[in-house]
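Annotated features, as they stand in TrEMBL:
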TRANSMEM  12-31  transmembrane segment
DOMAIN    18-461  domain 'Major facilitator superfamily (MFS) profile'
TRANSMEM  66-87  transmembrane segment
TRANSMEM  99-119  transmembrane segment
TRANSMEM  125-146  transmembrane segment
TRANSMEM  158-177  transmembrane segment
TRANSMEM  189-210  transmembrane segment
TRANSMEM  275-299  transmembrane segment
TRANSMEM  311-333  transmembrane segment
TRANSMEM  340-362  transmembrane segment
TRANSMEM  368-395  transmembrane segment
TRANSMEM  407-431  transmembrane segment
TRANSMEM  437-457  transmembrane segment
Amino acid sequence: MSSTGAQKSGSLTLVLMVASAAFGGTLQYGYNLAIMNAPTTFIQTFVNETFLERWNIQLEDYQVTLVWTIIVSIFSLGGFAGALIAGPMTIRFGRKKCLLLNNIFLMTGALLAVTSRAAKSFEMILIARVLVGINAGISMNVQPMYFGECAPKHLRGAISLSSAVFTAFGVVLGQVVGLREILGSEPCWQYLLASNAIPGLVQLLTLPWFPESPRYLLIDRGDKEACINALRRLRGCEVQSSELDEILQEQTETKGMRARQPWELFTDRSVRWQLISVMIISSAMQLCGNDSIYFYASYIFKEAGVSDDKIQYITIGTGTCEFAACILCNLLVERKGRRFMLMGGYILMTVWAVVFTIALLLEHNISWMPYISMTCIFTYILSFGLGPAGVTCILPTEIFNQTARPAAYTIAGSMMWLNLFIIGMIFPFLVSELSEYCFVPFGVVCLLSALFVGLVLPETKGKSLSAITSEFNKLNFKSQDEKCASQAKKQYQLGEVSLSTAL
């Protein structure tokens, strides 16, 4: 086979590996966010009927809303649990096997969901949501790590960003499958909740044919031959010495070091600002309120004055916006850089949050203001997809070494899921209490996030880990450097005094 043909074969292997891992991976996160919007009233009725049949209790409206909010938001607690166990699982089983084992949670959850109606148990829906949350939590941590370690340096950002593209695709797919004409009707809602098993099955059938992460094989398992074979398959040609040398350098730097635990990173000064950056940016990804739009799209569009019969079709537009934006971000990230995309996304979101608030305040006075409100929601999601949605998941891969990376993803994932849970729980009450001002807190978060990225985060595009680490060390050891500099200055001045005395 010619070198060109081999490279094409390698590129195809890489693309198919990305599709296989992501289709049963981060796609599940977006899909499980979106499918809960369509059956809202049906599951609320089911909960009410269950209470009435079991205990002869007629729930009040606020009680039904509370149970429903718990069903929706407990997905985030499952995700938090998944984020906590993702790190140890990747260390023990490897990146690829971890993704495959992760389907156990998904299939069990799907089985509980599909049988919950026949069993007349809304508790089974709760447990199913926890299990698919665990599945999503593991996928959101392991998949970007797997992609970042498999991709060549010049494509690392674009390949890692495909996680966000598939998340957005999952949202669109969930919204389409959730249409009343498909599975979003009253007789079919249990099948809608269990339909997430199909992408999981696709992954189980395809992912075993692809290689494990080369970095994991060499650095964690010490198997150089397996690493070279994996690289050869992924690149479709003989391994370039520069790429292998970089992995060997990282192996040398981490030789004798065991995998770090999450709590150890908090006491390590050499990764202080890396950790702060990951925690703030992962939290901002949820505190900006974007994913709450999928949880409670109907609430927002009702506030904007959209009629009930049109809401399900308009919500598909929200997912399509993020999907299109993530693809655009994927094309731009290696040209414009991570910092530019992240900061630009948050600045745009701040602008749209302000415009949206003004539009909501004026919607009763100006007839066309509801359309401005809807436009702002779409542009808000579009701006999120252009930067924060994709770039956030790349950072732990690029700024932490192999021994600290699983722990960093555990912390980042935990922050993301905890904040998603908090936002998911308070969002309906935020809408009802703040009404027209409901997006003001999100606008503040976006503004502060843009400032943090602009002032603190260095650019990581196309840089080696050692170069990125040296950038962060300027912050991690700033006070120490200043102290050394002041001591050197004193010694220099002292030397001048001694010299003048001698003269």
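Placement of Cβ uses the backbone N, Cα and C atoms for every residue, glycine included.
Predicted automatically and left uncurated, TrEMBL annotations should be read as such.
By the Cβ criterion (distance under 8 Å, sequence gap of 6 or more), the transmembrane segment (12-31) is not counted as touching the transmembrane segment (407-431), fewer than 3 such pairs being found.
In this chain, the transmembrane segment (311-333) lies out of contact with the transmembrane segment (125-146); the count of Cβ pairs under 8 Å, excluding pairs fewer than 6 apart in sequence, is fewer than 3. Listed as Cβ neighbours of the transmembrane segment (368-395) (distance under 8 Å, sequence separation of 6 or more from its ends, same chain) are residues 140, 144, 148, 156-157, 160-161, 163-165, 167-168, 277-278, 281-282, 284-285, 288, 290, 293, 300-301, 303-306, 314, 317-318, 321-326, 328-330, 332-333, 338, 341-346, 348-349, 352-353, 355-356, 359-360, 362, 412, 416, 439, 449, 460. When Cβ-Cβ distances below 8 Å are used as the criterion, the transmembrane segment (311-333) is approached by residues 30, 34, 37-38, 157-158, 161-162, 164-165, 167-169, 171-172, 174-176, 178-180, 184, 290, 293-294, 297-298, 301-302, 341, 374, 377-379, 381-387, 389-391, 394, 461 of the same chain, each at least six residues removed from its ends.
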